[in-house]
C-alpha cells in the first residue's frame, strides 16, 4: 500500500536523518523568528548554537542542508542581508578558489601519493618508524596540499590493502568486505590485528595533517582567511606561525613515538606477518605490470608537485589559480581528456565549498548582530600577553566542538574590527592572528567535528571496516589533543612575542 503524501513529504525532508533530528531542526526554524522579534541579540546567539549543533551532528545529516536552511531563514527574517552574505563571499573568494581548484588539482596526483604511501607501508618493517613516517609524510603533504585530499589518499591505500587481504583470506575474488563469515578463527584474529594496525596508522596520518596544516597559509582553509586578513604571503605566514607550529610539530612527533613504544590508547599494534606476505606479493605483481605510460605519468605528477611547492613558496599567483594550473598540467600530461573523468575531481571538494558559503552567511549574521562584541571587549580588557592566551583558548574550545574554518573566520573578523576601531595596534593584531590560527588548528583534533579531515575519515567507507567509531577516534586522539593544546598554549604565551621581535630586529620580518 502506497504511503500518504504527508508521510512521503516527511520522508523526503532531510532523507534518512532520524525523526528526532528532523523535529529538532523544525523547532529551530519555528523558534528563531519568534525570538528575533523580541530579542535580536539572543536570537543571533541561538542561531550560532543551532549551527554548531548541525556541525556536531554531521553524521546524522551533512551540515550543508540544515545549516543552509537556518542561513536562508536568517536572511529572510532580517538577521542579515543577501548583500552582506555576498560581500563575505567576495572577501573570501580566495578560499573558495582554493577548495574548488586546489583539491581538484591534487585529485589528479593521487597516483603519485598512493605510490608514496604504498612504498612506505611495505618497505618499513618497524611499526614505530612506519608510524613516524606516515605522520611526517602527512604533515609535509598537508603543508602544501589540502588535508582532506591527503587523508583521502591514505584511506584509498588502507581500503585497497584491506580488500586485498580480505579477498585472499576469504578465498573469494568478489566478496563483501563487511562479511567475515567465510574466515576461520585464526584468520579472523589476524584480521582483527590488521584492523587495529590500520586504525593506528590512520590516526597518526590524521594528526599529521593537523601538524603540517597549521604551518602554512594553504594547509587549512581558515589559514588563508587569516593570512589575507593580516596581509601575509606564504613565507611570512610560515615564519610568523613557526614559534608555535615548530615546537608543536616536534612534540607531536615525540607523542607518536611514545604512543607506539608504550602501546597505549590503541596504538603499537604490528602488521601481521601473514598480511605483509600477501600485500608484498600483490605489490610485486603490480609493479611488474606497470607500463611505461604509467611510469611516465608518475614522473609527470612528481614534476607538477615540485612546481606546486615552488609556486606556493614564491607566491607566483593566488593559491586557487596555482591549483587551476595543477589541474591543467596534470590532465594534459597524464592523458585525462574526458569531461566526465575531469568532473570527478570536483565531487570531493564542492559539497564542502558550498558548506563554507553557508559558514560565511552565519558570519554575516554575527557581524550584523555584533554577537562577539562583548567577548572581544572582555578579551581586549586583559593585558596584551593575556589577550593571546585568551584568544587561543576561546578558539580552541569552540574548534573542538565546531568546524575550525567557521571559528577561525569569526575570530579573525572580530580581531580585524578591533584593529580598525583602534582598540589594538597592528603588531598586537598580527600576534592575535597567530594565536587564532594555532587555536583553531591544534585543539580541534579533539573530536571529528573540529577537523574536516577527521570527519571525512569517520564518514568514509574505511571506518566501519577497521571498526573506527566516533568514541574510539576521540579516545585515540586524546593524548595528541592534550600535548598539542598545552604545548601550543605555552608557545603562544612564552615564545611567540620574543621570537617575532627577534625576526623583526634582524630584518627577516618587516614591521607593518
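Quick reminder: no glycine exception, Cβ is built from N, Cα and C everywhere.
Remote same-chain partners of the transmembrane segment (28-48), defined as residues 6 or more beyond its termini with a Cβ less than 8 Å from a stretch Cβ, comprise 69-70, 73-74, 77-79, 362, 365-366, 369-371. The transmembrane segment annotation in Swiss-Prot covers 28-48 (among others), and the record cites sequence analysis as its basis.
Sequence-distant contacts of the transmembrane segment (52-72), counting only residues of its own chain at least 6 positions beyond either end whose CB sits under 8 Å from a CB of the stretch, comprise 14-15, 17-18, 21, 24-25, 28-29, 32, 85, 351, 354-355, 358, 361-362, 365, 398, 401-403, 406, 448-449, 455, 458-459, 470. Residues or ranges marked as transmembrane segment by Swiss-Prot on the basis of sequence analysis: 52-72 (among others).
If you look at the transmembrane segment (97-117), the same-chain residues 6 or more away from its ends with a CB under 8 A from one of its CBs are 134, 137, 141, 145-146, 148-150, 152-154, 156-157, 160, 218, 221, 224, 294, 297-298, 301-302, 304-305, 308, 318-327, 330-331, 334, 336, 344-346, 348-350, 352-353, 356. Swiss-Prot lists 97-117 (among others) with the feature transmembrane segment.
The transmembrane segment annotation in Swiss-Prot covers 144-164 (among others) and rests on sequence analysis. For the transmembrane segment (144-164), the residues of the chain that approach it from at least six positions outside its boundaries are 98-99, 102-103, 106-107, 110, 113-114, 117-118, 121, 134, 138, 177, 194, 198, 201-202, 205-206, 209-210, 212-213, 216, 218-220, 275, 278-279, 282, 308-309, 312, 348-349, 352, 451-453, 456-457, 460-462, 465-466, judged by C-beta separation under 8 angstroms.
Summarising the annotation, Swiss-Prot assigns transmembrane segment to 201-221 (among others) and lists sequence analysis as the type of evidence.
Marked as transmembrane segment by Swiss-Prot: 237-257 (among others).
Look at Swiss-Prot and you will find 296-330 (among others) tagged as transmembrane segment, backed by sequence analysis.
Look at Swiss-Prot and you will find 347-367 (among others) tagged as transmembrane segment. Long-range contacts of the transmembrane segment (347-367) within the same chain, counting only residues at least 6 positions beyond its ends with a Cβ under 8 Å from a Cβ of the stretch, are 44, 47-48, 51, 62-64, 67-68, 70-71, 74-75, 79-81, 84-85, 87-89, 92, 95-96, 99-100, 103-104, 107, 146, 148-149, 152, 221, 403, 405-406, 409-410, 413, 452.
Under the heading transmembrane segment, Swiss-Prot lists 390-410 (among others), citing sequence analysis as support. Remote same-chain residues near the transmembrane segment (390-410) are listed as 51-52, 55-56, 63, 92, 220-223, 225-226, 356, 359-360, 362-363, 366, 372, 375, 379, 382, 432, 435-444, 446-447, 449-452, 481, 485, 488-489, 492 (criterion: CB distance under 8 Å, separation of at least six residues from the stretch ends).
Non-local neighbours of the transmembrane segment (446-466) in the same chain are 55-56, 58-59, 147-148, 150-152, 155, 158-159, 162, 177-178, 195, 198-199, 202, 206, 209-210, 352, 399-405, 473-474, 477-478, 481, 485; each lies 6+ residues outside the stretch with a CB under 8 Å from one of its CB atoms. Positions annotated as transmembrane segment by Swiss-Prot: 446-466 (among others).
Same-chain neighbours of the transmembrane segment (474-494): 199-200, 203, 206-207, 210-211, 243-244, 247-248, 251-252, 255, 259, 264-267, 385, 388-389, 392-393, 396, 400, 434-435, 438-439, 442-443, 445-448, 454, counting only residues six or more beyond its ends whose CB sits under 8 Å from a CB of the stretch. If you look up Swiss-Prot, you'll see 474-494 (among others) marked as transmembrane segment, on the strength of sequence analysis.
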